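Database features, via TrEMBL:
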type: BINDING; residues: D482, N509, G511; note: Mg(2+) binding site
type: DOMAIN; residues: 44-149; note: domain 'Thiamine pyrophosphate enzyme N-terminal TPP-binding'
type: DOMAIN; residues: 241-359; note: domain 'Thiamine pyrophosphate enzyme central'
type: DOMAIN; residues: 452-576; note: domain 'Thiamine pyrophosphate enzyme TPP-binding'
Amino acid sequence: MDTKIGSLDNCKPASNDVCSPVNGTVSTIQGSVYPAFVNCSEATLGRHLARRLVQIGVNDVFSVPGDFNLTLLDHLIAEPGLNLIGCCNELNAGYAADGYARSRGVGACVVTFTVGGLSVLNAIAGAYSESLPLICIVGGPNSNDYGTNRILHHTVGLPDFSQELRCFQTVTCYQAVVNNLEDAHDMIDTAISTALKESKPVYISIGCNLAAIPHPTFAREPVPFALSPKLSNKMGLEAAVEAAAEFLNKAVKPVLVGGPKLRVAKACEAFVELVDAGGYAVAVMPSGKGLVPEHHPHFIGTYWGAVSTAFCAEIVESADAYLFAGPIYNDYSSVGYSLLLKKEKAIIVQPDRVVIGNGPAFGCVLMKDFLRELAKRLKHNNTAYENYHRIFVPEGQPLKAAPKDPLRVNVLFQHIQKMLSSDSAVIAETGDSWFNCQKLKLPAGCGYEFQMQYGSIGWSVGATLGYAQAVPEKRVIACIGDGSFQVTAQDVSTMLRCGQKTIIFLINNGGYTIEVEIHDGPYNVIKNWNYTALVDAIHNGEGKCWTTKVFCEKELIEAIETATGAKKDCLCFIEVIVHKDDTSKELLEWGSRVSAANSRPPNPQ
């Protein structure tokens, strides 16, 4: 989503009279028109914050109430354009805001001081790693308690209230501690606009006694943000494009690879323009899946080193030039640092920087601008794609099983593939679902999300809640392992309260399978739950919910038919029983390589 953002307008009224009438109207980002002044009693911090959230595209806020944020929550509830969604715990509220931001472009959560803040911190760190703009709002102490020697509840028992702030400083791009009304307007607006500009989370702590107090700075409707867009250095852009075009045009079989930073650079469309212009074979890094259209005629799959989709790695790694747009090379995405790539063959395009081979490098060049200009200079070259087409052999089908044979994971995902359409979205949990979902071929318009950089197990439950709330017109299909589900299962309850119609495939193989393939031990075996009975208990007759447990392909087919037919308006929870050692071949290969990277001995001193 391209949210309109830019430099902040001065929103203070012309006089100190809170009710001072003013002329004119303002338009929000959504295009609605509001009077420029606010009634005396409504000119409050709480209302201003609520209006700001609606303006930037947040219509749902995920929260957990606590005594320090209750008055603030009253004001958020009072905003007609805002829906307050109570979550079962702060971690899931943060994950839900993460999932929401992936679809809407920005998300928000509200928790209470320290006990809530430190609980949500892990989710905020994940959003930071994935470059998601997320507004984390904390109800803070009474403003009178700052600077005193008082000890408050919900703290570690010290009169220093900055512990929570210090924790958030490393996982947010801006922190605002609002403990007086004089600069509250400026601090809140700066925090929210910074989140949008930097595409990172921000932290806003608001004194529990401030939300309801009228103040002159809130006497006007908040003027919509109109932040100045980042611009490329024109000379640097021209030089970078010229050098890149020369580099690629002399190559025999160049390829293009899309990475996860296409999202933060807002360069997905520009990347497709480049693909169309060059005729190159195009692949996607695993963490970029969903950002590159897989229905494109020159799409060749996921490039993930030794665990790439069939024939993709051979084409990429044998190319004499490759352009990576927005890559992240970590130990997971590089399969334990084992990618067979050569720096001198690569053009690396980051959101604001281009590096060509071993040099030169060009700064202050925006990815979107660079890709669009480069598309105008490329000679058409489909050699790499022709090579792929020449060697490609269609994937085989899973071995045919008898109707009552135990269900296999590859059969499960064969049927999930058939469910996908432009009206669906896939959420893949950390674990073997990473690898199985990578092999799904996404039709045009089908959403796809997973958290590869941070890889926090349990993320998908909250993220599914947030994503489904953001795009109610899509049916979300979540693939979650049993170990991950045990971490965050409670917020299936919130999905039901919100009337969501997600289909959850709970893959029950009795443990942390991804950890088993990296390093096995008794700690990877978990207590088995009766998952369908658990969800039935959470349902408790309130809302629309349907659960089933499947052991074989015949039962799976029947379950999918029910979930997409008679129960299409329900949250459907399908527990899939599979063997504990039934994994994708990619996980087996990846796990051994990551294990080798983890177990490297210390370098000699």
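Indices start at 1 and increase along the chain as displayed.
Positions of Cβ are set from backbone N, Cα and C atoms, glycine also.
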Residue counts (helix, strand, coil, in that order) that DSSP gives for the domain 'Thiamine pyrophosphate enzyme TPP-binding' (452-576): 58 helix, 28 strand, 39 coil
Per-residue Cβ crowding (10 Å cut-off), top of binding-site residues D482, N509, G511: D482
Whole-number mean of pLDDT values that fall within the domain 'Thiamine pyrophosphate enzyme N-terminal TPP-binding' (44-149): 97
Cβ-centroid neighbourhood (8 Å) of the Mg(2+) site, D482, N509, G511 excluded: G481, G483, I507, N508, G510, Y512, T513, I526, K580
